[in-house]
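Okay, so here's the structure we're looking at.
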Amino acid sequence: MHTLHVELGERSYPIYIGRDLLTDSELLCQHLPGSQLVIVSNETIAPLYLDRLRAALGPRELVTEVILADGEQYKTMATLNEILDRVMSDRHNRSTTLLALGGGVVGDITGFAAACYQRGVNYVQVPTTLLSQVDSSVGGKTAVNHPQGKNMIGAFHQPRAVFIDINTLQSLPAREFAAGLAEVIKYGLICDAPFYRWLQAHMPKLLAREEAALAEAIERSCACKAEVVAADEREGGLRAILNLGHTFGHAIETAQGYGSWLHGEAVATGMLLAMEMSARRGWIAREEVADFRQLLQTVQLPVAPPADMTADQFLDLMGRDKKVLDGTLRLILLRDIGEAAIVADASEAELTTLLEDALQTA
Ligand SMILES: NC(=O)c1ccc[n+]([C@@H]2O[C@H](COP(=O)([O-])OP(=O)(O)OC[C@H]3O[C@@H](n4cnc5c(N)ncnc54)[C@H](O)[C@@H]3O)[C@@H](O)[C@H]2O)c1
Ligand SMILES: O=C(O)C(=O)C[C@@H](O)[C@H](O)[C@H](O)COP(=O)(O)O
Ligand SMILES: [Zn+2]
C-alpha cells in the first residue's frame with residue numbers, strides 16, 4: 001500500500017492506494033471511529049462491493065445505507081435531497097460520517113451532502129472508478145449539476161480520508177475505464193511531461209489493466225492533484241489548470257443533457273481542442289497534437305465534438321463556465337507538454353474558427 005497526503009493544515013488527509021483496501025477493517029476503522037455512519041452508493045456498485053465493505057466496517061449504533069439510481073443524470077438537487085431526507089429521518093447528528101462508495105457521481109453528491117448537513121459533517125471517499133480514484137475523490141470539489149451548467153451548485157469540502165482499492169477497477173466497463181484515462185493523461189499534460197511520455201509508452205499495459213501500471217498511474221495522478229490542491233485549495237489561481245479541456249468538455253456534457261457523453265470523453269475532446277488552440281498559437285508542436293489525437297484513439301476516446309453542436313452553442317455554454325471572471329473567459333492551454341497556462345485573451349473569433357474547424361471533422 002502507498003500513502004500520499006493532501007497537505008491542508010488542519011484539513012490535511014491521507015490517500016491510501018493499494019489492493020483489498022475495501023476489506024481492510026483496521027485501516028477503515030482507524031478513520032471511521034464513530035458510532036454513526038451513512039454509506040452512499042448506487043444500484044450498480046452496491047451489489048458488487050457493499051457487503052464486503054459493511055463487514056469490514058463492523059457493527060455500529062446507527063448505519064444508514066442510501067442506494068442511488070445510477071447515472072450522471074441523477075447528479076441533481078433531487079438526489080441530494082434524497083440523501084439528506086434519509087439522514088434526517090434516521091436522526092444522524094453532527095458526529096456522523098458519510099462514506100461515498102462509487103464513482104465521481106456518488107462521490108460528488110455525497111461530499112456535497114456532507115458539506116450541507118448541519119453545516120458540515122465528515123465524509124470519506126471510497127472511489128471505485130479510475131476517474132474517481134485519480135481525480136474526483138481528491139480535492140474537495142463537491143457539487144450537483146444544473147440543467148444549464150455542470151457542477152454549478154456545490155461547495156468546497158475536503159474528505160477526511162480517501163481509500164483507493166485498485167482491485168475494484170477489474171469490474172469497471174471498458175468505456176468507463178477509458179473515460180478515467182482521459183483525466184490521467186490530463187495530469188501528464190498539465191504538470192508532468194515525463195509522466196505523459198510514460199503514459200504514451202505504457203498505454204497497452206494500462207488498457208490491459210496490469211496492476212503495477214495501474215498503481216503507478218494512479219499514484220502519479222494523485223500526487224499531481226494533491227500538490228495542486230495543497231497550493232490552491234479554492235481555485236484562486238493555479239488550481240484552474242486541473243480544468244484543462246473542461247470548459248469545452250462541460251459545454252458538451254450540458255448540451256447533451258448529461259449522460260450520453262461521459263465526463264472523461266467530453267474532457268478528452270476538450271483537451272484536444274485546447275491542444276489544437278495551443279498549437280495554433282505556436283506554443284506546442286503540431287506533431288504533439290497529432291500524437292495526442294493518436295493516443296486518444298488508442299484509448300478509444302472521442303476526438304471530435306458532437307456533430308449536432310454549433311460553435312455558437314459552445315460559446316454560449318462556455319460563457320457560463322465557473323472560470324469566467326468579470327465577463328472574461330479563462331481557458332487552460334499548454335505552453336509545452338507538462339506546462340499549463342491560464343489564458344484570458346481568447347477572442348471570440350479565435351474560438352469560433354477553432355470550433356468550426358473541429359465541428360467539420362465530427
Ligand atoms: N470533484 C471533482 O474534483 C471531480 C473530478 C473529476 C470528475 N468529477 C465528476 O465525476 C463524475 C464522473 O465520475 P465517474 O467517471 O466515476 O462516473 P460515475 O460515477 O457515473 O461512474 C461510472 C459508471 O461506472 C459504474 N461503476 C463505478 N464503479 C464501478 C466498478 N468498480 N465496477 C463496475 N461499475 C462501476 C457506475 O455505477 C457508473 O455507471 C462527473 O460527474 C464529473 O463531473 C468530479
Ligand atoms: O479538482 C479540480 O479542480 C478539477 O478541476 C478537476 C476536474 O477534473 C473536475 O471535473 C472538476 O469537477 C471540475 O470542476 P469545475 O469547477 O469546473 O466544475
Ligand atoms: Zn474532470
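Using N, Cα and C of the backbone, Cβ positions are placed for all residues, glycine too.
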GLU183, HIS246 bind Zn(2+) according to TrEMBL; which of HIS202, HIS263 goes with them?
HIS263
Should we count any of the binding-site residues ASP108, HIS246, HIS263 as near ligand 1, judged by a CB under 6 A from one of its atoms, and which?
ASP108, HIS263
Over the span of the domain '3-dehydroquinate synthase N-terminal' (66-178), count residues by DSSP class, listing helix, strand and coil in order.
50 helix, 33 strand, 30 coil
Beyond the listed site residues GLU183, HIS246, HIS263, identify every same-chain residue whose Cβ lies within 8 Å of the center of their Cβ atoms for the Zn(2+) site.
LEU131, ASP135, ALA182, LYS186, GLY245, GLY249, GLY264, ALA266, VAL267, GLY270
Check the domain '3-dehydroquinate synthase N-terminal' (66-178) for me and report the mean pLDDT.
98
For ASP108 (NAD(+) binding site) and HIS246 (Zn(2+) binding site), what Cα-Cα distance in Å is obtained after rounding to a whole number?
16
